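Peer 1: Sharing a structure, written as structure tokens. Questions coming.
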Amino acid sequence: MKNWIVGMVALVTMVPVMAATPWQKITHPVAGSPQSIGGFANGCVIGAQPLPLESADYQVMRSDQRRYFGHPDLLNFIHRLSAQTHQQQLGTVLIGDMAMPAGGRFSSGHASHQSGLDVDIWLQLPKQRWSQQQLLKPQPIDLVAVDGKRVIPALWQPQIESLIKLAAKDNDVTRIFVNPAIKKQLCLDAGADRQWLHKVRPWFAHRAHMHVRLRCPANSLECVDQDTPPPGDGCGAELESWFQPPPPSAKPGKTLPPPLPPSCQALLDNHFATE
């Protein structure tokens, strides 16, 4: 679990309810050439686009929360992945949170997903399309056993591994966060084709979905990428460390969000000045 303290604020995707943020008051994308700005956990996006809610290959959950916006690169990835999934007859891809219309910090649910390059994709592939009621109030399938050390065999399906593998092999994808037990199962099942596994990173929670992160777009000059994952498949000592008791440490104090990138602060200032 190396460097987990450093990465905690930036990467954890399920966080306690936070105070309301001004970003959720921006109801439409900011006009302009698409630009992802700042980091994944402290940024925004100009020229975001909404993911079309109607598709033969995927369905969008909780559309009433309006978290289905992203940089065009993210939309293109979702279309590619869902088309490949459909072609292989794996099932319908279920799309969870992406970003808000201008990106920025959510009031609840995530610390990242701020620059329009993150998407949550559920690890279930229904053969029958969900009803509108199911999409608005989706029921996740927890794939991980109570002890957190393994997946539940009755729930683990080969299609899930195929979905994760397809995403990991996409050139625009830099990281996929899953529960350590899911990563462990992928390591066991991968066979000789293992190069894609280094993109699949163990992380807290993520028991029913994968969190896919894309690289900074080439023309987004203010976008801040993460360092590339370490070489190798990540199936050795690093993965095993996640199943060890954490070292004792002092109770962490409350932390304030870091200052926004100047361009994101200017975006907020300009938006609310013209209201």
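Each position is counted from 1, following the chain as shown.
Just so it is clear, glycine is given a Cβ too, placed from its N, Cα and C backbone atoms.
Straight out of Swiss-Prot:
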SIGNAL    1-19  signal peptide
DISULFID  C44-C264  disulfide bond
BINDING   H110, H113, D120, H211  Zn(2+) 1 binding site
BINDING   D147  Zn(2+) 2 binding site
DISULFID  C187-C235  disulfide bond
DISULFID  C216-C223  disulfide bond
REGION    227-262  region 'Disordered'
COMPBIAS  244-262  compositional bias 'Pro residues'
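What's the neighbourhood like for these features in this structure?
Peer 2: Under the three-state DSSP scheme, C44 (disulfide bond) falls in the strand class.
Just so you know, the Cβ of D147 (Zn(2+) 2 binding site) picks up 8 other Cβ atoms within 10 Å once every protein chain is counted.
For C187 (disulfide bond), other Cβ atoms within 10 Å of its Cβ number 16. Secondary structure at C187 (disulfide bond), as computed by DSSP, is helix.
Just so you know, the Cβ of C223 (disulfide bond) picks up 23 other Cβ atoms within 10 Å once every protein chain is counted.
Helix, strand and coil counts from DSSP across the region 'Disordered' (227-262) read 6 helix, 0 strand, 30 coil.
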Peer 1: Near the region 'Disordered' (227-262), which same-chain residues lie under 8 Å Cβ to Cβ, leaving out any that are not at least 6 residues past its ends?
Peer 2: 1-2, 9, 37-38, 42-44, 105, 148-149, 174-175, 180, 183-184, 187, 190, 194-195, 197-202, 268
Peer 1: Using the alpha carbons only, what distance in Å do you get between D147 (Zn(2+) 2 binding site) and H113 (Zn(2+) 1 binding site) once rounded?
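Peer 2: Per the Cα atoms, D147 (Zn(2+) 2 binding site) and H113 (Zn(2+) 1 binding site) stand 29 Å apart.
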Peer 1: C44, C216: which of these disulfide-bonded residues has the sparsest Cβ neighbourhood within 10 Å?
Peer 2: C216
Peer 1: Does DSSP give C216 (disulfide bond) helix, strand or coil?
Peer 2: coil
